[in-house]
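Quick look at what Swiss-Prot lists:
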DOMAIN    7-277  domain 'CN hydrolase'
ACT_SITE  E47  active site, proton acceptor
ACT_SITE  K128  active site, proton donor
ACT_SITE  C162  active site, nucleophile
Amino acid sequence: MSNYPKYRVAAVQASPVLLDLDATIDKTCRLVDEAAANGAKVIAFPEAFIPGYPWWIWLGNADYGMKYYIQLYKNSVEIPSLAVQKLSSAGTNKVYFCVSVTEKDGGSLYLTQLWFDPNGDLIGKHRKLKATNAEKTIWGDGDGSMMPVFETEFGNLGGLQCWEHFLPLNVAAMASMNEQVHVASWPIGMPQEGHLFGPEQCVTATKYYAISNQVFCLLSSQIWTEEQRDKICETEEQRNFMKVGHGFSKIIAPNGMEIGNKLAHDEEGITYADIDLEQIIPGKFLIDSAGHYSTPGFLSLSFDRTEKKPIKHIGESAQETVTYEEIQYGNKANVKVHS
């Protein structure tokens, strides 16, 4: 792009209304309104914000979690739906925003970032390519057809979710599309010291992403609340695991430095920063891993962006409805039933 705008970005740190689609959609719209009123042009939301992250997968076995999975399934986002209509209305604040949802497509669930533009259009989505560990009991896989970067008046916008930032091939694929502003959607930072899901580890991965791909990262995370604990914790051990707070939202510049206002780990709020896309250029001079600093002669990545469907339908079904009247009174010779 020939234009390198300066503008304000925002990263949300908040708790959803766990397993309540309508209430969390309403909260999402209020947060978009708030960020837009404070001048943000691009707004990031945490991983699995609508209708909340399935924390029970880390708290107990499948029998314990099934009742919550059923609630999640019934409160997931379908496209199209009234939920998407409401989110689209929030886009009329003349902002871009990216919100991570549990999407229901057919009979399966997927972890999906939805992108809305200033007209309220749903311009695309990114499904998490591979659910992490116990998440595989909830969400199916994405593919390369849903790994977009959008060319906009505010630069090239893209996003990944949680541990997707730890995978070098994901990072390289995003670099190949010349992303400039990145939404890094995370759940919370596990409070247990040394945990691989801890805030230090997640922030380190996001800072590496910012430096490696020369992008501004809008890191957005949830927080744990007493309401969430009351919703799904059935034992004292579970409550002790799910401690209140542990958000770590922040905005990271292409040099890995944190910019903007800071939020306490147990504080709901929005962190803002004023960014200048021209600051990306020095990094491109030094690195550009998908360009002059690459070594395609012996190291390269094949990035397949075609849609991968588990079942391919060939031809069209010939099924027709034969009415009661046709069955009872019609010419039997003309009545055909297709199996």
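Placed from the backbone N, Cα and C atoms, the Cβ positions cover glycine too.
In this view, C162 (active site, nucleophile) is surrounded by 24 other Cβ atoms within 10 Å of its Cβ, with every protein chain counted. According to DSSP, the residue listed as 'active site, proton acceptor' is assigned to coil rather than to any helix or strand.
Mean pLDDT, taken over the domain 'CN hydrolase' (7-277), works out to 98 on the 0 to 100 scale. Secondary structure from DSSP puts the residue listed as 'active site, nucleophile' in a helix.
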